[in-house]
């Protein structure tokens, strides 16, 4: 009913009419299956694997559904008596069923079983009645019974006989007694309140000890089977001399209530019979008669005192009431009888029993709440509150118990599961009864949580920085990237891959897909690539796979693999020419060696030194600037032509170097010296890109300078005109007519561009005195130059 209500509630909540119909049908099936009971009948002592029923046919279920829904049969109790064939749907008995062993104290013997279906869960109750077969004959406790009867016994006296026992029940049980023919006794057969047949001898003719001391009779017990079975016992009657008083009990029936956990030797009751006779005729002895063998084993009777004590272990669940007959016999062999009825009281001495019916050993971690994990039943053999049970789960676990029907419970999840936090659960189920002294039992259920790919890989770092020295060997390992995945199995197997960026050149890099090792495929050149970045993706093996990305930055370390390159003077076979006047003082700047190194850091730090010179003491080179200066003043003794070799060296390990050669001319006059140097220096290659760049730069700077100068002159002239106070300067006529230009005679300069110099810088030489025409003497304070104006004109033509 609970399952039906739950299904109907789900149907009402669903907006889909089709789903509502399906849920209604499912509810109807489950409710019908829960309420229906299959009943079958089977005779006992059938052979093993005997046919009981065709379950598939009786339920109207296709045979293919039995295996698909994992149909199985479970018997109550620890022993499984039936087997269900999923291929045929036939229910068979596992072995021969003996009703007397299965139900020894019951008139009816019914075995209860349950059939379970999964997907969806369905339970069907079944009963098999074991029909009794007349396979047991009545048996007397003793083969010979001895009765001592007084010869004075009156006619009609009754003498009880030992009852026969028949394990069969119903019509196959004990039905009648018969007595062999004799002249003195007849047989009276009666039925007790418990339905058990008993027999008594009835005296029909007076006994005479002197005539016959003993009589031997044959008593036969007959059951109602077809054909009937019987058992016999010999009754020997001893005729005793007269004893006119018989023992007499104070009560006909002794009723006792006794707890089932009563210890051995505990007094149950004391029966008392009195005989007024004297001597041996007044002495009474007690014994059991018409008492079952099981009761004789559980109780002990003191023959002298009449005390009945516990002799075995009583069990309420086995036998609830014991009925015994006690006979009191005096010395004259006269006897009387009384009944003792012992009611066994239930004590909470049985702990609940947990029987696991269905178990899902492994569930995925993304299983929704209320997922059924296991199905089990709880049984307590006690009665009343002692047999009522309740179940609980030990600890704070994401599981709960839901009672279903007929003492069955479902173990369900009640929260989301996470395998990464808990991979398995050891669930302890405790079943406790409601007895005064509560008993409990435990059952451990192990549930494995299977992994689901719900965790992406995680890199140990967001950015990895690795370095490699240039000119490395191919396939050089420079480091490793590591990503971990909290999942398990293939979901935790991480693969690495480079992410290709569209529009960008793929770097010379490789990442091992399995372990994340990073390799440089080809040698790198620091001067081309100093650093680069790539993205690396780590993907797991799940379906669908999850991934993460990390940035890999590769820094190329410089190696001293480039020698310095001399930019000025050019590194060709001929040396550049530099002019130094004879009057140059110490520290005079002769030239500057310009060099660069394509390396970086210490490998690019350059130092300059004078490696070779015509006059070693005349020149010096700046260690870091590369400036070539005079170390002392130039003298007349110094050779007019000097050749210098400057060594440029970096600070790498090992250091690399280059040399620059300079040709220096010591001159007295600019024009003559310039002509000589120009004749020696070859014309620079007009196609050299560096010379072209330098000439273009110099032209731009010169144009800017001239434009600035013109602008300044224009502004000054305008201001002079406005003021009107200043007059333009006048120059001597001779100076004006001179071909040396319009500058004052003492400041005439020649602008020279050396054909062999790269930087084509301006050279400011000492003043050149103008040439005077023949016969024209120099003015006051003037002196004639050693170089005539014609020479200057020639020099200009050569410079052009």
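Cβ coordinates come from backbone N, Cα and C, glycine included.
Unlike curated records, TrEMBL annotations are generated automatically.
Fair warning: this is a prediction, and the values are worked out from it, not measured in the lab.
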Quiz prompt | Where TrEMBL places transmembrane segment among the ranges 644-667, 668-691, 692-715 | solution = 692-715
Quiz prompt | Annotated range (TrEMBL: region 'Disordered') out of 757-778, 779-800 | solution = 779-800
Quiz item: Along the domain 'Cadherin' (141-249), what average pLDDT does this model show?
Solution: 88
Quiz prompt | the domain 'Cadherin' (355-459) vs the domain 'Cadherin' (82-140): 3 or more CB pairs under 8 Å | solution = yes
Self-check item: Helix, strand and coil residues within the domain 'Cadherin' (355-459) as assigned by DSSP
Solution: 4 helix, 55 strand, 46 coil
